[in-house]
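J.: I have a structure here, written as structure tokens, and I will follow up with some questions on it.
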């Protein structure tokens, strides 16, 4: 059995195959996921699992050098945005429109769908290197 915190085999598999600058998205339950992008659907019921707890778990495993966030997030969901900033600390944030974020999903290795229902609870994580 794994010793690290992330137990989901699908997420672990995607992360283990990621190289520098590859992208992984985490989204709320309403985020449209392109057909060509792998969907890892964790959503059970409204709010479960939550976006923040999913983000924290993934960041335990994935080295991230940059995140892409919809610029609408800060205005529409300021509490969520503040939590994200606290979690990612000094990681570079690139703001793009929500429409641009949805277009970027086709280039992600996978999208992890949560049960989150907070507006704009979506993020794209760009993989860094550990050396």
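Cβ atoms are placed via backbone N, Cα and C, with glycine included.
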J.: If Swiss-Prot says 98, 120, 121, 122 bind substrate, which of 28, 41 does it name for the same site?
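T.: As annotated by Swiss-Prot, 98, 120, 121, 122 share the substrate site with 28, chosen from 28, 41.
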J.: Could you list the residues of the same chain, at least six apart in sequence, whose Cβ is under 8 A from the Cβ of residue 20 (active site, proton donor)?
T.: 127, 128, 129
J.: What's the number of neighbouring CB atoms sitting within 10 A of the CB on residue 121 (substrate binding site)?
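T.: Counting Cβ neighbours of residue 121 (substrate binding site) within 10 Å gives 26.
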J.: Among all protein chains shown, how many Cβ atoms are found within 10 Å of the Cβ of residue 98 (substrate binding site), not counting that one?
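T.: By my count, 17.
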J.: Hey, for the substrate site built from 28, 98, 120, 121, 122, who else sits with CB inside 8 A of the CB center?
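T.: So the extra residues in range turn out to be 27, 30, 31, 70, 73, 77, 101, 118, 119, 123.
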